[in-house]
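Inspection log for the structure reproduced underneath, given as structure tokens.
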Amino acid sequence: MAPAPCGRSSQRVFHFGKGKSEGNKNMKELLGGKGANLAEMASIGLSVPPGFTVSTEACQQYQEAGRALPPGLWAEVLDGLRWVEEYMGAALGDPRRPLLLSVRSGAAVSMPGMMDTVLNLGLNDQVAAGLAAKSGDRFAYDSFRRFLDMFGNVVMDIPHALFEEKLEAMKKAKGLKNDTDLTATDLKELVSQYKNVYVEAKGEPFPSDPKRQLELAVLAVFDSWESPRAKKYRSINQITGLRGTAVNVQCMVFGNMGNTSGTGVLFTRNPNTGEKKLYGEFLVNAQGEDVVAGIRTPEDLDAMKDVMPQAYKELVENCRILESHYKEMQDIEFTVQESRLWMLQCRTGKRTGKSAVKIAVDMVNEGLVERRAAIKMVEPGHLDQLLHPQFENPSAYKDQVIATGLPASPGAAVGQVVFTAEDAETWHSQGKSVILVRAETSPEDVGGMHAAAGILTERGGMTSHAAVVARGWGKCCVSGCSGIRVNDAEKVVKIGGNVLREGEWLSLNGSTGEVILGKQPLSPPALSGDLGTFMSWVDDVRKLKVLANADTPEDALAARNNGAEGIGLCRTEHMFFASDERIKAVRQMIMAPTVELRQQALDRLLPYQRSDFEGIFRAMDGLSVTIRLLDPPLHEFLPEGNVEEIVRELCSETGANQEDALARIEKLSEVNPMLGFRGCRLGISYPELTEMQARAIFEAAIAMTNQGVQVFPEIMVPLVGTPQELGHQVALIRQVANKVFTSMGKTIGYKIGTMIEIPRAALVADEIAEQAEFFSFGTNDLTQMTFGYSRDDVGKFIPIYLAQGILQHDPFEVLDQRGVGELVKLATERGRKARPNLKVGICGEHGGEPSSVAFFAKTGLDYVSCSPFRVPIARLAAAQVLV
């Protein structure tokens, strides 16, 4: 009886009890995750305390009515209560047959700890006396005391501290350490004091009518949906589109009724390792919150075998039933009341990456799930964990966290602090592990960034230079850490009250953004045999190819090892920073006043480029390599510093005089360089630049072919906005190809295509496709130009936009499907109309983001290209879209 996807259900209250349920596991949207699973457990015959669920739709109606109960709902709740009373042979508010209730929230998506719970509802003076006659004074008044505290805090908004003060004062007066040491008389006195707290805090007495308690508790759960912490959690976890929370009203069962009672929490498999063995904790003579609050140290679940063998045996069987039923590892809460087992909750258990892969593979091998179902059991984030080093024990360093920035590139790094790229390279060459700390990074820092174990920056967002480069290399990076102040001159960094000097140890958690003092122990990436098995299943299912962005032979090899099927983006400019000789030659080319002098500088660069391409072609033997011609504005290749320093360095490196150097710098200076003299505009203005790069590519390709390497070069022209721009560059490249083929006596196949990163190019894609054999969407620049956001400055306002709901996601991290995605669709359709066999892919940062990859797969792209370390994640996302 799953609800229709549209419209509203007339039924708003659903009963459940052993063997009887009005709901099922498919009704999460209506009953919330907890309510749907309680109904399911009851319907398959497990011992679930009976109760009823008030639907998420009722919560939505309550919010829409300005926080007023919808007409008729209270009568339906009372009908539900009567059903539970008849089932249990007890009644709410009856001292002779007392029924106590728990009232819990439960949205369609698990939001642990985000909503409010009330236990032991239904107690007042008369019911407590009746309960004491049945179960003893201590139990009755301890339950009453807990209820007054919880109800006061959750429902009446009385600070928990006011109750805690009374409890601590009594323990101090009696010379006691633990709550459990209080006598029944002490607890009765506490009940009296807690009631006074209501009068003092609210000016009214505690509501002793149990039905009024129930009504107020239901309203409190509805209200908690809009509490600041719940809204914040939904925002952080990008949870949208839910109706509200359901309310689960359930008969209380007690684990604190002596040594034949207890409570526990377990996972049906180990959530850290995936081992097929129950993993959990158990407390004798305790209520559920005692485990959660850590008041007493729980015992390992195995201890339950000895003290409650029958209940343990039933629990093991229930776990088997639930795993077989849900076909997933389960997280279970249970209580034993006087030797009788009760199942309180089950949900899919959260797990580590290592555990997720092992459980998926094991369940297929056990015949529990099919391979396609197993592919859905592993989240992209799980693979991310497996591919980066992690801290051995993150909880151990919590008191050493001195700042938190943006988690720009996952993993963990430990090293000695250095402040310049040069120092990072020097120290690294001496075998030292370093953390490069910069105010912000620039392309000139890439050598030091590559040498560093991790990168920490004061400024810059999740898509800043540091973040993008670090992710590409699988390096840990924490960016935009506003709590730090970097002083390059003195080589110190101030972090909060700490001052760290060069050489001091620092640890970074790129998955959380934490900056940690000292040298924390690391464990290497856990690449197990199960991962290889799992990824082979992934590759059998997916249709979308996954390529990698790689600029060096080392990157290309890493990409291939991670399952890349080619190189979708090789950025030639990164090669120019690889050595001093190269960057000097680039600067001579920039400073050259004549074509002849510029050609001389390019001739010096040619062998470097050719050798790099040979290395990449060799690493990618048998696979395609897409090489992007020079893209960034030329000023990025100039030295850093003030104008005088730049002029001095250029003069010494290139032999130019000061006047010429200054004039050249002024000419290269741009108001908006990202929209300025870059991309194909450089190749058109300086055709010899395109000629040199094309020649290096073709000469390298033929040299490798002569060595028996299979080479498939694809040349990509960047920042094209008109078909004429592309036509100019295509003609030039073909001329160079013919010259090289003639001089080397050999011909090879190659393709020429373009980046689609200017909105106009997407709109005239049909005309551009007449010249281009492939399109590759540069979604970083396409997003920048479509939104009109500067990628380097969005950090100033994106957090505000996300907090206020103006944007749901940072568009540089998650593709904006409605706007930028529409341009991708349009360009793909128009391009293929003009050239039906047009190869279409994407090489922006979005190529490794799971929801974006799913969109590209649905849109009919041939491939995505992402950083080498995100290749397995993109492979998984491409498969998950089809299962």
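In case you wondered, yes, glycine gets a Cβ from its N, Cα and C as well.
Taken from Swiss-Prot, the feature active site, tele-phosphohistidine intermediate covers H465. As annotated by Swiss-Prot, active site, proton donor applies to C843. Here Swiss-Prot flags R571, R628, E757, G778, T779, N780, D781 as substrate binding site, drawing on similarity to another entry. What Swiss-Prot lists as Mg(2+) binding site is E757, D781. Taken from Swiss-Prot, the feature region 'Disordered' applies to 1-21.
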Within 10 angstroms of C843 (active site, proton donor), Cα basis - binding-site residues out of R628, G778, N780: G778, N780
Chain-internal residues near R571 (substrate binding site), provided their CB is under 8 angstroms and they sit 6+ positions away: N549, D551, R628, D631
Listed binding-site residues (T779, N780), ranked by Cβ neighbours within 10 Å, top entry: T779
Assigned element (helix, strand, coil) containing D781 (substrate binding site), judged by DSSP: helix
T779 (substrate binding site) to H465 (active site, tele-phosphohistidine intermediate) - Cα separation in whole Å: 15
C-alpha spacing of the residue listed as 'active site, tele-phosphohistidine intermediate' relative to D781 (substrate binding site), in angstrom: 13
Candidate with the highest Cβ count within 10 Å, taken from the recorded positions H465, R628: R628
Binding-site residues (E757, D781), the one with most neighbouring Cβ atoms at 10 Å: E757
Inter-residue C-alpha distance, E757 (substrate binding site) and H465 (active site, tele-phosphohistidine intermediate) (nearest angstrom): 18
Env. residues of substrate site, Cβ within 8 Å of mean position of R571, R628, E757, G778, T779, N780, D781 Cβ: L569, D631, P718, M755, S776, F777, L782, C843, G844
Maximum Cα-Cα separation in Å among residues R571, R628, E757, G778, T779, N780, D781, which the record lists as binding substrate: 15
Rounded Cα separation (Å) that holds between the residue listed as 'active site, tele-phosphohistidine intermediate' and N780 (substrate binding site): 12
Structural state of R571 (substrate binding site), classified by DSSP into three states: strand
Secondary structure of R628 (substrate binding site) (DSSP, helix/strand/coil): strand
For the residue listed as 'active site, proton donor', the number of other Cβ atoms found within 10 Å of its own Cβ: 28
Packing count at G778 (substrate binding site) (other Cβ atoms within 10 Å of its Cβ): 26
Secondary-structure category, per DSSP, in which C843 (active site, proton donor) falls: coil
